[in-house]
Protein chains: 2
Amino acid sequence: MAKGKKLVYSFGGGKADGKAGMKNLLGGKGANLAEMANLGIPVPAGFTITTEMCTIYYKMDRKYPKELGAQIDLAMKKVEKVMGAVFGDSENPLLVSVRSGARVSMPGMMDTVLNLGLNDVTVQGLIKQSKNERFAWDSYRRFVQMYGDVVLGMKPQTKTEEDPFEVIIKAKKQERGIKVDTDLTVADLKELVLKFKAKIKERTGKNFPEDPKEQMWGAVNAVFGSWMGERAIKYRKINNIPGDWGTAVNVQAMVYGNMGDDSATGVAFTRNPATGERIFYGEYLINAQGEDVVAGTRTPEPVNHKTKTEASQKTLEEVMPKAYKTLEGIYKKLEKHYRDMQDIEFTIQKGKLWMLQTRNGKRTAAAAFKIAVDMVKEKMITKKEAVMRISPSQLDQLLHPTFDPKAKKVVLAKGLPASPGAASGQVVFHADDAEEQAKDGKKVILVRIETSPEDIGGMNVAQGILTAKGGMTSHAAVVARGMGKCCVAGCGDLEIDYEKQQMAVRGKVVKAGDWISLDGSSGEVMEGQVQTMQPKLTGDFGTLMGWADTFRKINVRTNGDTPNDAKVAREFGAEGIGLCRTEHMFFEGDRIKAVREMILADDLEGRKKALAKLLPMQKGDFVGIFEAMDGLPVTIRLLDPPLHEFVPHEEEAQQALANDLGTSLEKIKAKVASLHEFNPMLGHRGCRLGISYPEITEMQATAIIQAACELSKKGIKVKPEIMIPLIGSLNEFKNQRDIIKRVADEIIKKSGAKVQYMIGTMIEIPRAALLADEIAKEAEFFSFGTNDLTQMTFGYSRDDAGTFLPMYVEKGILPDDPFQVLDQQGVGKLVQMGIKLGRGTNKKLKVGICGEHGGEASSVEFCVKAGMNYVSCSPYRVPIARLAAAQAELK
Amino acid sequence: MAKGKKLVYSFGGGKADGKAGMKNLLGGKGANLAEMANLGIPVPAGFTITTEMCTIYYKMDRKYPKELGAQIDLAMKKVEKVMGAVFGDSENPLLVSVRSGARVSMPGMMDTVLNLGLNDVTVQGLIKQSKNERFAWDSYRRFVQMYGDVVLGMKPQTKTEEDPFEVIIKAKKQERGIKVDTDLTVADLKELVLKFKAKIKERTGKNFPEDPKEQMWGAVNAVFGSWMGERAIKYRKINNIPGDWGTAVNVQAMVYGNMGDDSATGVAFTRNPATGERIFYGEYLINAQGEDVVAGTRTPEPVNHKTKTEASQKTLEEVMPKAYKTLEGIYKKLEKHYRDMQDIEFTIQKGKLWMLQTRNGKRTAAAAFKIAVDMVKEKMITKKEAVMRISPSQLDQLLHPTFDPKAKKVVLAKGLPASPGAASGQVVFHADDAEEQAKDGKKVILVRIETSPEDIGGMNVAQGILTAKGGMTSHAAVVARGMGKCCVAGCGDLEIDYEKQQMAVRGKVVKAGDWISLDGSSGEVMEGQVQTMQPKLTGDFGTLMGWADTFRKINVRTNGDTPNDAKVAREFGAEGIGLCRTEHMFFEGDRIKAVREMILADDLEGRKKALAKLLPMQKGDFVGIFEAMDGLPVTIRLLDPPLHEFVPHEEEAQQALANDLGTSLEKIKAKVASLHEFNPMLGHRGCRLGISYPEITEMQATAIIQAACELSKKGIKVKPEIMIPLIGSLNEFKNQRDIIKRVADEIIKKSGAKVQYMIGTMIEIPRAALLADEIAKEAEFFSFGTNDLTQMTFGYSRDDAGTFLPMYVEKGILPDDPFQVLDQQGVGKLVQMGIKLGRGTNKKLKVGICGEHGGEASSVEFCVKAGMNYVSCSPYRVPIARLAAAQAELK
């Protein structure tokens, strides 16, 4: 299956076999390294083993085709030529890094080995070349440690066990009475290498491989193997990345940021990834390897003056002005070339700058808006491109509440504002604990000294992440931003004690389970649960959403039951109400009393009496909502839930109700018992109630139309769309429609107001979609209630599916939770059928969706394609729907 | 809308405007009267106002088009000419009857007026013509009484009030000290006419109409009006007769069976309607009007010697041999002409025989089989016609149990075996009570002195009907036979007291609510609930079903969970098992313990241990079923219900279980609570269980295949079809299929037996039908589970829909209960879609149905048309399905 295939792509020396467009084959890192090489940017030479090879590797049961060896040998020769060194040579050895690189960035998810090619012989060559014995032995020590960890599986074997190599280092330091690694002598390092190798032999039963080629194959194995590792699988699941994409392997000549004080390593963003500000923004460490920056074990310095936060910081701009100047030129070139904000990695070896990576940088939602709008102003991209640059799911974070600045708060400590947002939760100190407690519905904040890729699952379920170590580009910060999750990083004041399950903050002890709040925009860590407030959406957000609206054809409405909902949603751009649930009004204040009186009445007269009490209250609700939605359509759904939801189920409350109504407890109990249903979801609800008790429909129609007439006379434009729920047959619709029409026309005639209203139906029962042609003959609009439609099409009770749905998604039986993401294959088929049949008999039929899918991007795209007139979603998801709808048109 | 239309059809004098084929226009009675007239059979002349006129009447808001009057006048002239009398004439008055007549017979449902045309003047003419003053005045008295009741609404106004005219008669008899009507003198009758008219004036405020034309229009109004009367509407609903069919009105010259002892009236069947025996079978009364026979107020005599049951009876054959001879000739002519058993009405006026009606006679299922088979033997009809003659719903009664002749029984009394069957129930004395109690799920026997059309609702819900008065052709008997319901009529020993709500039977008192049993084949009335036994189906049944099978293409299987079910169904002609529910086996004996142990296990190991205990028991079940079904396919559905159905919900039972398993009550309670679901119908059940707990699927597959291998080695042909329930997606199917295949192939390989098995799925979730093309790629068969499919397609919980479904059917929102009759429009659309999609990707796909619809005739017809391979139903419905399937092919 690999015969004649090119499996290895070279790059370096100002040219490359690949290019940026070949991400699917070379992975993001490999493709961009090739692109940079082609652009003449200095990258250490190397080669990329393709993602296709990864797929073949798994198809061949973790073996390689013969061709691969020859192609690698050839590529290695090219690298040797460009770099002027020879792999495994005792005099001038070529050392390489071996890294993974999938189509999309999966930060820290897969494995990396540095300094590969070192052994007892080549280390001597490195000493000669670097003229630095300590550096060479430290590199060798690091290599054995890293290779042992990544390739040979030398990991802690229990939660509390320490890293086996770190134990050896600690012992050595104790023996020598020193504190920091840098105090280790050449002799110490030599001894550590021996001890590491002995430990490896002890645990694995095998000698450490001295042959550089064997080392390389081991590392390649490890990278391909890591694609199917637990961490990577979990990450892919969270981020919806298919398992058959595979990863590429990048083998690249080493350059050293740790060859002395004229060497450095760093990562940077071409613009601020948190705010989007057009400022070159990065961190670096002198005399360090790249992993030191990302891992957060040393706190790095800012690259330039503009991003300095403390006077004592030493910037790259000051320390190595020449290298900084070069870097500036390169970042500008890259941003212009890629037409997007770049996330770059660089190393300076003895004053010479080398680029190790460039990719589109992850950013917060706010930054995404700012960058997109700025780049349009800079004429770098078009408005369409700007709209396509914002991910609807990312936008979600912008719409979440922030802390109320007026709220009382006790600040415990301050860290780096690594990923914005406001989060409150109970402290946990381990990712597994976070996952377990989140399953029970708890809100948790994951607190770690530093996070590692193993923590990905816990980070995903946490409300926010707090670390004691690491900078703005640390693992925690990068991953949190990618997830749109609040993160405070590098909060040095925390003294975290995993064993005691607590942390001390300037003497104050916070235990696991205590509540704290994080402000990802200020870096503040606060005691308890701090009050939040609504976000303001203006500036770049408004500008870009305005552009989006010009591309969008479908309307976006909101689901809202109160005047306040209506107001908020209108501010978010809602163009009407797509679902106003009247029963929510039934629970408020005194109303529930009248509702219960109605339910418990023995006869029509009794029910009418109680309904008469409800009428003015219900009318008042509609007055408020119609006022708030002046000029926009408001879809009102008639009573939907089964009546037993309104009666008390505890004896005490039943007794109180009996006293209230002047009846006996027994009677109440009997009524409640008679209302009990085995499957209330499929019971006496929706239009079935209105058909059983036409007087309820009459009251609701009266309230709606009276409110409309009253406001209409005051000059307010009212567009009521009365929606009958749970229709399964034409006759049900006709029955209810006739009642509504009779009541409405009489009121309108009497009042003399000019009110136009529509009568339509929810399509939420499979049968309604199947018979949509019949129903559309009489109905003026359809609103797909995809929540219930999903329940009935799948036969899943939303209240109960928690026992198996997560397992279904985990096992890949379903791609997503169909209550979150519309099942286009099954439920969608019914929706399309319903629209086609409905429009077939009623060309003017207005069609919308009012399930929760109306605010989920892929579902909105489906609705656009299906030809709906509008989507309706919760107020906070209105902007997401607007954006998703625009993107659907642009795709 | 009536312009130029012929609204009135004449008949009589050996010719007619209409004929038998015009039933839709003339009604059954009118068409057959015309047909008889054309055949030269003596029928009193008359005319029929069409059913079309009835529809126009309602469209014109109960008014008539002008044309009608002229057409009636013309027709009346013809009648006068043929009968030699003049309507309203003082010397030789023509008197007429006015009767309803719909397309199909609706016995007693609509109104009739006799002797119309009489008034104070014409009564003198009648005296002259009849030469019988008493007869003339009695006719006049009867006419006023009947007209008052039917046209002028002179009915009892409360449940306990007596008929207002009967009150007057009673008073007169008391005053005169006489007991029977026949003792009333001419003077008495004259006085009664006056008093009746006075009572009418008192109640209605209007004079009794003396003008014969006015009388006739009143009667026509009443007949058309009765079409929309409560009784008629209820009857149509029960019998699925559309309301827009309308009724015709037959106006016909009166002939008198009560003109003295040379006059008589009677009804007869050309063969015995209870047994089908080829014996002319009828009853008559000397000197009586037809209504006297039907109403059951006098007990009539048999028409001939062959049908005499007591020596004292005087037959028509003996009393009027000449008329009987003529009648014999006519009945034979009619049967031959209509090629079916006829139900005829005749009157002998002064020795001359007149035919008043002929129609196909209602009959019991047993009679239907015998008559159909006999007529084929007599070469009167073909085998195909014979098969079409049996109504599948009627067949139902044949399949119901009869009383075990060995059962202990205390016979209270004996009446006429009016309609066969065995029924037990609690006594009720009023039709309304029957309806009310039946709603609560009670089994009732309706006991009445005699039944009337008002009782139709109560008769329909009763298990059986018992009357004290009336013969084999009384209202109770005719209606009960039509309904296929057990009836004992004319049980003279009963002393029924409606007020005390009890009856005395030879001194023994039976109260409302007491249990009795009726044997409709012997006429016995027994104390308490008598034990029943299975029916034997041989003879004519076997012959005709054999013919049916030759016309049938679809297979008929049974739903059966035990070897006994399998045996019974095989005897009924089942060609395999279409649904064997394995969970029913889980409840028996010790098994439930092991099942509970499995459910309560903490881990896989615990579950496997418990499942190992279940395995041999479950295997044993399959051995029994496979043996019984040797050579036929057996479809086995894997575990379907949610686990909470298997655990105890009462504390006492929970404690016992805790003791059994050596665990704590708290643990049991917690587990039970964790299994609770809000909508269990849509919960963790079906394949969702098998996916959560693959070990359950493994155990069941093992039990099935081990049993199959074991029997196969003994030479028994085993064809297991393993069915996965509640599939909604291809991945679910694959997951379970892979487990079953792995387990099965291993067992078969090990055992060396040659067992072929299939793996398929239920299609019972809408999504499965929508994605049937996907699923059929992997599944070998589909079985439509239309019970659940109906629940989910409609969004109806079968357990809860009782609160609104009856109301829906009553209001005409749904034509039928969709759980009884497959909803072809909605659910059927999904079924058709599923079959089409499935066969599109898998041509060999075997398709069946295993919902309860598989035994309902119209649904079976649907399945045949949809191209299914088989239907499966409960054992007792197998013959119905066989017949319905044959008829579907013949239609």
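Yeah, the Cβs are placed from backbone N, Cα and C, and that goes for glycine too.
TrEMBL does not curate its annotations; it predicts them automatically.
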Open item on the list: Quick check on the annotation: TrEMBL has A:R637, A:E764, A:G785, A:T786, A:N787, A:D788 binding substrate, so which of A:R581, A:R685, A:R688, A:R839 does it put in that site too?
Closed with: A:R581
Task: Largest inter-residue Cα distance among A:R581, A:R637, A:E764, A:G785, A:T786, A:N787, A:D788 [record-listed substrate binders, Å] - done: 15
Task: Neighbours of A:R581, A:R637, A:E764, A:G785, A:T786, A:N787, A:D788 excl. site residues, C-beta within 8 Å of centre, substrate - done: A:L579, A:D640, A:P725, A:M762, A:S783, A:F784, A:L789, A:C850, A:G851
Task: For the domain 'Pyruvate phosphate dikinase AMP/ATP-binding' (A:24-59), distant same-chain residues with Cβ under 8 A (at least six beyond the ends) - done: 1-2, 5-18, 65, 68, 72, 75-76, 78-79, 82-83, 96, 99-105, 220, 224, 227-228, 244-255, 330, 333-334, 337, 352-359
Open item on the list: Return the average pLDDT for the domain 'Pyruvate phosphate dikinase AMP/ATP-binding' (A:67-316) as a whole number.
Closed with: 91
Open item on the list: DSSP on the domain 'PEP-utilising enzyme mobile' (A:442-523): how many residues come out helix, how many strand, how many coil?
Closed with: 18 helix, 30 strand, 34 coil
Open item on the list: For the domain 'Pyruvate phosphate dikinase AMP/ATP-binding' (A:24-59), how many residues does DSSP put in helix, in strand and in coil?
Closed with: 24 helix, 4 strand, 8 coil
Task: For the binding-site residues A:T786, A:N787, the one whose C-beta sees the most other C-beta atoms within 10 angstroms - done: A:T786
TODO: Select the closest residue to A:H475 (active site, tele-phosphohistidine intermediate) from the following binding-site residues, measuring between CA atoms: A:R581, A:E764, A:G785, A:T786, A:D788.
DONE: A:T786
- [ ] Compile a sequence-ordered list of residues in the same chain as A:D788 (substrate binding site), six or more apart from it, whose Cβ lies below 8 A from its Cβ; state 'none' when nothing qualifies.
- [x] A:M681, A:L726, A:M762, A:E764, A:I765, A:G851
Task: Residues near A:C850 (active site, proton donor) in space but at least six apart in sequence (CB under 8 A) - done: A:R557, A:N559, A:G578, A:L579, A:T635, A:M762, A:S783, A:F784, A:G785, A:S872
Task: Residue with minimal Cβ packing [other Cβ atoms within 10 Å] among the recorded positions A:H475, A:R581, A:R637 - done: A:R581
TODO: Have a look around A:G785 (substrate binding site) and count the other CB atoms within 10 A of its CB, chains all included.
DONE: 25
Open item on the list: Let me check the 10 A CB neighbour count of A:E764 (substrate binding site). How many other CB atoms are there?
Closed with: 27
